[in-house]
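J.: Pasting a structure below so you can have a look.
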Amino acid sequence: MSKEPPKNSREKTKNLLLKLQDNICKGLENIDGKAKFTEESWLREEGGGGKSRVLKNGSIFEQAGVNFSEVHGKELPQSIISQRPEAKGHKWFATGTSMVLHPKNPFIPTVHLNYRYFEAGPVWWFGGGADLTPYYPYLTDVRNFHKEHCNACEKVNKNLHKVFKPWCDEYFFLKHRNESRGIGGIFYDYQDGSGRIYKGNNKESKAYKESINIGELNLNWNNLFSLAENCGGAFLDSYQPIIEKRVNQNYTKEQREFQLYRRGRYVEFNLVWDRGTIFGLQTNGRTESILMSLPPLARWEYGYKAKKGSREDYLTKIFTKPQDWQNDKILEKFCKENNIFD
């Protein structure tokens with residue numbers, strides 16, 4: 001089968017991502033049971049527009065945002081040209097759905113999702129992923145999130161998750177803090193079926209080495225469309241069980257303060273390192289929608305140190321470092337012994 005996009009590629013991906021936005025919003029409203037999303041449609045002067053949906057002050061979610069955008073233009077931003085110089089001089093099209101959820105309860109993790117598609121002349125690619133940021137560590141929650149996304153990837157090809165999991169660890173990393181933003185998930189970018197799966201620049205990374213071992217997979221446009229469809233569809237099953245398990249856990253003022261402190265790391269990553277934020281600002285995107293990912297409240301504290309042996313300590317030392325969450329028996333034993341397994 002041809003690797004070229006079908007003639008209706010733009011319409012097809014747009015409809016997939018609109019449906020993803022709808023399904024997630026309906027699911028989250030059912031889960032929250034109190035608040036509803038408000039929608040704001042917007043137009044971009046240079047071409048295109050989108051629909052931003054935000055839920056505030058719910059029973060579970062302090063703030064939840066689910067954005068859809070479909071934008072096009074003539075001049076490509078430098079961030080794209082530097083990665084794919086052959087796209088220069090072509091009109092471009094980009095569509096995506098992104099989501100960030102900030103729950104009130106510190107025992108329910110923040111979660112992020114983004115699936116996107118890009119075309120410019122002969123150049124096209126899919127990108128996407130989902131990642132989880134707990135504030136209090138529970139290994140079973142982490143495992144459920146990874147399991148659902150692993151299964152979604154393996155429906156397309158059994159080797160994809162072997163690269164996308166470590167690529168996520170690599171991408172969502174705060175270099176200035178030397179720690180991960182959370183416990184990862186999956187991440188992929190610039191997927192057009194050509195070459196090796198890993199398109200990053202770090203030849204020392206686990207994702208790069210796994211990609212070398214696997215070789216070329218020869219995926220086509222339809223395979224990659226199915227990947228976005230499967231992974232987007234896996235989100236609610238990966239996250240809803242965590243909410244149901246944690247929503248009635250009582251928390252202290254100190255635990256809420258720690259959640260806000262760790263949210264500060266989320267802000268730092270999104271404003272300093274995130275390519276999506278940079279792309280949006282470089283292409284004159286809608287600032288309110290681009291910065292929707294930021295939490296409504298966060299805090300910073302100079303020189304904070306968690307008490308040794310506390311849950312906050314385990315979060316900082318173990319759950320902000322890449323791990324083999326599914327298979328590491330030593331990690332499992334440690335979590336069980338220290339009441340951070342389930």
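Note: Cβ is positioned from N, Cα and C throughout, glycine not excepted.
Remember, it's a predicted structure, so these values are computed and weren't measured experimentally.
According to Swiss-Prot, the record shows the following:
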type     : residues               : note
BINDING  : S98, N114, Y115, R116  : substrate binding site
BINDING  : H102, H112, H146, H176 : divalent metal cation binding site
ACT_SITE : H112                   : active site, proton donor
SITE     : H176                   : site 'Important for dimerization'
REGION   : 266-301                : region 'Important for dimerization'
J.: Checking distant contacts: for the region 'Important for dimerization' (266-301), what same-chain residues at least six beyond its ends satisfy Cβ-Cβ under 8 A?
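T.: Residues packing against the region 'Important for dimerization' (266-301) from afar: 42, 44-46, 50, 52, 54, 56, 62-63, 65, 67, 69, 71, 73, 77-80, 98, 100, 102, 110, 112, 114, 133, 172-177, 181, 257, 260.
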J.: Look up H102 (divalent metal cation binding site) in the DSSP assignment and reduce it to helix, strand or coil.
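T.: The three-state answer is strand.
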J.: Between the Cα atoms of N114 (substrate binding site) and H146 (divalent metal cation binding site), what distance do you get, rounded to the nearest Å?
T.: 16
J.: Counting across all protein chains present, how many other Cβ atoms fall within 10 Å of the Cβ of H146 (divalent metal cation binding site)?
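T.: The answer is 22 other Cβ atoms.
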J.: Enter the number of other CB atoms within 10 angstroms of the CB of N114 (substrate binding site).
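T.: The answer is 20 other Cβ atoms.
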J.: Between H112 (divalent metal cation binding site) and S98 (substrate binding site), what C-alpha distance do you get in Å?
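T.: That separation, Cα to Cα, works out to 8 Å.
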J.: Whole-number Å only: compute the distance from the Cα of S98 (substrate binding site) to the Cα of H176 (divalent metal cation binding site).
T.: 25
J.: For the region 'Important for dimerization' (266-301), DSSP counts of helix, strand and coil?
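T.: Residue counts in helix, strand and coil order: 22 helix, 0 strand, 14 coil.
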J.: Neighbours of the substrate site S98, N114, Y115, R116: Cβ within 8 Å of the Cβ centroid, same chain, sequence order.
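T.: Near the substrate site, the remaining chain residues are L17, G96, T97, L113, G127, G128, G129, G276.
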J.: A 10 Å Cβ contact count, applied to the binding-site residues H102, H112, H176: which residue has the minimum?
T.: H176
J.: Which chain-mates of Y115 (substrate binding site) that are at least 6 residues away have a CB under 8 A from its CB, listed by sequence?
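T.: Sequence-distant Cβ neighbours: L17, L20, G96, T97, F126, G127, G128, G129, A228, C231, G232.
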J.: Which number gives the other C-beta atoms within 10 angstroms of the C-beta of S98 (substrate binding site), all protein chains shown included?
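T.: Taking all protein chains shown, S98 (substrate binding site) has 24 Cβ neighbours within 10 Å.
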J.: What does DSSP call Y115 (substrate binding site) in the simple three-state scheme?
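T.: Y115 (substrate binding site) sits in a strand per DSSP.
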J.: Give me the Cα-Cα distance between H146 (divalent metal cation binding site) and R116 (substrate binding site), rounded to a whole Å.
T.: 20
